[in-house]
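These features come from TrEMBL:
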type	residues	note
BINDING	129, 153	substrate binding site
BINDING	208, 209, 228, 263, 264, 265, 266, 267, 289, 315, 339, 340, 341, 342	NAD(+) binding site
DOMAIN	71-367	domain 'D-isomer specific 2-hydroxyacid dehydrogenase catalytic'
DOMAIN	163-341	domain 'D-isomer specific 2-hydroxyacid dehydrogenase NAD-binding'
SITE	291	site 'Important for catalytic activity'
SITE	339	site 'Important for catalytic activity'
């Protein structure tokens with residue numbers, strides 16, 4: 001029943017044409033001038049799975065559930081999964097689109113070159129969280145607005161991180177593979193299976209997702225650490241049972257388990273290279289649902305092969321989709337998946353509703369919720385500076 005209430009509430013938000021509260025007028029650059037707008041959405045294909053769940057909105061076939069609404073207002077809505085290369089479907093629409101919607105799960109990489117070609121482009125929307133697939137500096141310089149549905153999948157990602165921690169700590173995957181292959185070797189699993197209780201878990205980043213993870217870890221009686229550019233209020237720290245570590249490199253050797261929860265920026269890109277990984281405790285477990293490019297791909301693969309990293313799990317890759325020869329597919333002791341943590345059905349309902357709300361506000365010349373802005377009036381949000 002609880003799941004049904006969540007779904008019903010989100011569907012109402014998608015189908016409703018009302019805006020919850022009046023907002024001030026946006027700057028002239030984001031006014032939707034009268035007439036039809038060309039809106040392009042880039043999503044993954046669901047193929048035969050598209051019809052299996054009416055709430056499966058984040059795919060090409062169901063297109064966030066907003067096609068009828070947009071077309072009833074006279075707008076053009078083009079949806080594709082074809083996003084790479086000079087002859088792709090997206091490239092054909094770059095010169096005259098007004099709005100581009102994409103997701104972190106099948107990102108359309110919006111380069112400075114594409115922005116330069118997009119003479120009519122005003123608004124870049126991320127259906128989900130994380131807009132690093134966009135050249136944010138180029139977008140700011142061009143006077144574009146970039147926004148995402150902040151908070152839409154934070155619960156989804158935090159729950160997934162907790163699951164991955166347990167999968168690694170308990171050495172779950174080898175046992176599962178034994179069942180599939182017809183084997184039975186308890187020792188091959190048990191020799192490196194541990195309890196989570198009493199372990200030191202550190203999160204690099206303690207924003208919305210990081211805080212939710214710490215909250216979910218507290219009942220496991222772990223030693224919880226966090227490094228973030230902002231220190232939490234002491235009362236919240238006490239509630240979560242988490243200790244602030246001002247210096248990341250001081251925190252790293254303390255961690256039995258490290259979780260990456262920081263945005264991908266110029267500063268964090270490639271941050272976990274061979275040298276920084278060497279600072280981690282031998283046998284560390286790493287969960288990364290943030291962004292693949294925060295890690296040096298080969299350095300992670302090498303550390304997994306040597307045993308310095310005893311287990312690595314996540315759903316983010318560089319690039320995405322990951323090529324078939326990506327080294328993380330073949331490195332030992334990994335529990336990787338495609339980028340799925342933030343695209344649960346519940347999350348899809350939330351980010352579809354949030355995308356529709358921002359499009360409504362765009363058509364009316366109204367402000368978005370302040371927390372949704374990634375680029376506004378030539379300024380980047382603080383987490384991307």
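Just so it is clear, glycine is given a Cβ too, placed from its N, Cα and C backbone atoms.
For the NAD(+) site, whose annotated binding residues are 208, 209, 228, 263, 264, 265, 266, 267, 289, 315, 339, 340, 341, 342, the maximal Cα to Cα separation is 25 Å. Mean per-residue pLDDT, taken over the domain 'D-isomer specific 2-hydroxyacid dehydrogenase NAD-binding' (163-341), amounts to 97. Fewest other C-beta atoms within 10 angstroms, among the recorded positions 208, 291, 339, are seen around 208. Cβ neighbour density within 10 Å is lowest for 264 among the binding-site residues 129, 264. Each residue contributes its Cα atom, and for residue 153 (substrate binding site) and residue 266 (NAD(+) binding site) those atoms are 24 Å apart. Calculated from their C-alpha atoms, the gap between residue 341 (NAD(+) binding site) and residue 129 (substrate binding site) amounts to 11 Å.
Here residue 291 (site 'Important for catalytic activity') is positioned 10 angstrom away from residue 339 (NAD(+) binding site), judged by their C-alpha atoms.
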